[in-house]
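Feature annotations, reproduced from Swiss-Prot:
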type	residues	note
DISULFID	CYS20-CYS42	disulfide bond
DISULFID	CYS28-CYS51	disulfide bond
DISULFID	CYS32-CYS53	disulfide bond
Amino acid sequence: CIILLLTIFEINADVKVTDCSKDEYSWCVEKCTKVRSKVRQCKVINDSVKCQCH
């Protein structure tokens, strides 16, 4: 179990998370609007945009 936690922690250390640019954010807005939601969070994780709608 401890080994597993360490592994997860190591992987997390390599993850690059940045805030979305305007373009990326509007892409999220588009995605969320399709499901009739608003953007809750927009992050770029290892160069791929992740959207959270609510």
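Even glycines carry a Cβ here, placed using N, Cα and C.
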*Ranked by the number of other Cβ atoms within 10 Å of their own Cβ, which of the disulfide-bonded residues CYS28, CYS51, CYS53 ranks first?*
CYS28
*For CYS42 (disulfide bond), list the number of other Cβ atoms lying within 10 Å of its Cβ atom.*
21
